[in-house]
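Feature annotations, courtesy of Swiss-Prot:
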BINDING   His549, Cys552, Cys569, Cys572  Zn(2+) binding site
COILED    55-83  coiled coil
COILED    91-117  coiled coil
REGION    19-53  region 'Recognition domain (REC1-N)'
REGION    54-121  region 'Recognition domain (REC2)'
REGION    122-190  region 'Recognition domain (REC1-C)'
REGION    191-302  region 'Wedge domain (WED)'
REGION    303-313  region 'Linker'
REGION    541-577  region 'Target nucleic-acid binding (TNB)'
Amino acid sequence: MTTMTVHTMGVHYKWQIPEVLRQQLWLAHNLREDLVSLQLAYDDDLKAIWSSYPDVAQAEDTMAAAEADAVALSERVKQARIEARSKKISTELTQQLRDAKKRLKDARQARRDAIAVVKDDAAERRKARSDQLAADQKALYGQYCRDGDLYWASFNTVLDHHKTAVKRIAAQRASGKPATLRHHRFDGSGTIAVQLQRQAGAPPRTPMVLADEAGKYRNVLHIPGWTDPDVWEQMTRSQCRQSGRVTVRMRCGSTDGQPQWIDLPVQVHRWLPADADITGAELVVTRVAGIYRAKLCVTARIGDTEPVTSGPTVALHLGWRSTEEGTAVATWRSDAPLDIPFGLRTVMRVDAAGTSGIIVVPATIERRLTRTENIASSRSLALDALRDKVVGWLSDNDAPTYRDAPLEAATVKQWKSPQRFASLAHAWKDNGTEISDILWAWFSLDRKQWAQQENGRRKALGHRDDLYRQIAAVISDQAGHVLVDDTSVAELSARAMERTELPTEVQQKIDRRRDHAAPGGLRASVVAAMTRDGVPVTIVAAADFTRTHSRCGHVNPADDRYLSNPVRCDGCGAMYDQDRSFVTLMLRAATAPSNP
């Protein structure tokens with residue numbers, strides 16, 4: 001058995017994107033847009049097939065009417081709350097909205113039932129349309145690769161990402177959530193890929209093979225400087241930095257039919273094991289403010305880790321609560337003491353016994369993210385003021401041409417994106433008008449604020465995610481079994497929004513703190529670390545444990561009282577912390593002897 005792993009290498013921040021790479025990103029973007037167009041046309045044709053059946057068409061008419069009623073009532077409720085400056089409004093109006101949503105839900109189910117009746121009859125027509133979609137997608141390969149310059153591995157990567165997005169959207173629709181594919185403009189970001197082909201029985205594509213300048217894959221991917229991981233662990237940090245600075249050579253499509261390569265100055269932080277079988281690599285280019293960043297992701301197959309069979313059982317329950325030190329995102333408990341590193345004890349809190357505690361996202365991260373939001377707010381206000389100035393100037397003067405056409409004040413009044421005004425500032429920079437100086441002064445300041453905003457946000461989120469990875473590493477190094485609850489943060493958030501009576505500003509502040517803490521990210525890091533290190537992971541249903549008192553076993557009612565902490569148990573009358581009770585029950589269920 002083997003496991004897939006991805007090693008990421010950062011590309012030097014001063015590296016300039018070559019024109020051949022920019023062209024490949026542009027082709028990959030156009031391919032993705034064509035795939036979206038084909039999929040949207042397929043969805044429309046599939047809907048037309050269902051609508052051709054009278055019963056389904058009638059159900060769709062009913063659903064459309066119910067949806068229109070629900071939207072209209074939602075707007076009335078929204079307006080009533082604005083006028084009342086409170087969540088508490090007419091009970092009759094809110095009941096009408098609930099009834100409208102219930103009718104819409106029933107109408108959607110009626111359509112699904114009508115489709116189920118004619119599903120077999122429409123099978124041939126659906127299959128024919130699916131075959132046509134597959135043929136259209138296949139034809140794009142000839143357009144972009146055989147007759148164009150896009151590298152075939154990049155084509156496969158874009159197509160795989162597209163199919164993954166289609167499956168995700170189908171799953172969201174099946175759960176009743178609105179979702180659809182959208183077109184995007186090209187901003188210079190994207191992904192290109194290479195794949196290392198190997199015939200059955202051929203030697204593995206090991207790091208040593210890729211480090212060989214005369215190796216089999218030298219014209220696809222060459223990663224020099226490989227160091228055995230055991231030797232790497234014995235090197236100092238300075239030695240690792242120096243040894244890890246290598247230049248990767250990677251295939252990058254073609255220009256007029258001629259193969260092209262690019263050189264990537266990367267920093268390696270860890271090396272793959274000697275027996276790893278490297279299957280390919282992706283160069284991911286992202287845009288941070290107005291600057292491009294790149295990273296190289298190398299994918300490989302490695303042998304499975306030996307499963308862990310000894311160690312304490314650790315239970316982890318997600319949530320979010322405000323504390324003096326930050327936002328508590330989880331409660332944990334172990335059946336044996338855990339050794340928490342000194343540097344993490346302010347984040348992974350532990351009691352005197354060393355068997356339980358909470359995980360807290362430091363308040364400094366919240367303050368840093370709040371600062372970036374304040375910068376974004378300042379930029380938005382400055383943009384509004386600039387828009388008014390440009391509109392006023394255009395109303396009183398004859399405007400210079402913009403993109404070979406006169407620019408109207410009514411057009412600029414509709415602009416919302418800062419990029420539009422930045423483009424206008426560049427276009428009118430040297431025309432000698434008063435408005436050009438105003439535009440350029442705004443652009444010069446906004447560019448700096450945008451960089452501060454995005455870099456500050458990126459660093460704060462990176463700090464949070466790194467803390468989560470460190471916590472996951474601490475648990476995986478010591479635990480023999482990990483229990484994680486299946487609490488859905490999104491569902492809890494939506495439920496809280498529906499029932500809250502707090503002012504909108506207060507609720508938005510709570511939502512921002514929850515989003516900044518991202519409890520789900522901690523669970524993802526823990527599960528990934530356990531899977532990598534061979535530690536068994538069990539997902540525990542949170543449905544009953546959240547309301548059960550661990551001391552007396554009483555299951556309390558599911559009402560709003562139990563959103564606060566602590567609460568009083570209706571069974572024994574004692575006050576208790578429901579989060580600590582939850583992890584206690586998780587451990588008790590895991591260690592209880594199974595019935596024969």
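We number each residue from 1, going along the chain as drawn.
Keep in mind that glycine also has a Cβ here, set from the backbone N, Cα and C atoms.
A map of Swiss-Prot features onto the structure.
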{"residue": "His549", "record": "Zn(2+) binding site", "Cβ within 10 Å": "21"}
{"residue": "Cys552", "record": "Zn(2+) binding site", "Cβ within 10 Å": "13"}
{"residue": "Cys569", "record": "Zn(2+) binding site", "Cβ within 10 Å": "22"}
{"residue": "Cys572", "record": "Zn(2+) binding site", "Cβ within 10 Å": "12"}
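Across the region 'Recognition domain (REC2)' (54-121), mean pLDDT in this model comes to 88. Note: the Zn(2+) site is recorded as His549, Cys552, Cys569, Cys572; in the same chain, Arg551, Gly553, His554, Asp570, Gly571, Gly573, Ala574, Tyr576 also have Cβ atoms within 8 Å of that site's Cβ centroid.
For the region 'Recognition domain (REC1-N)' (19-53), the residues of the chain that approach it from at least six positions outside its boundaries are 60, 114-115, 118, 121-122, 125-126, 129-130, 133, 136-137, 140, 144, 148-151, 154-155, 157-159, 161-162, 166, 180-184, 186, 188-192, 252-253, 255, 260, 262, 283, 285, judged by C-beta separation under 8 angstroms. Broken down by DSSP into helix, strand and coil, the region 'Wedge domain (WED)' (191-302) contains 18 helix, 52 strand, 42 coil. According to DSSP, the region 'Recognition domain (REC1-C)' (122-190) comprises 47 helix, 1 strand, 21 coil. Under 8 Å from some Cβ of the region 'Linker' (303-313) lie the Cβ atoms of residues 1-3, 275, 334-338, 478-483, 532-536, 587, 590-591, all in the same chain and six or more residues away from its ends. Shown for the region 'Target nucleic-acid binding (TNB)' (541-577): DSSP residue counts in helix, strand and coil, namely 7 helix, 6 strand, 24 coil.
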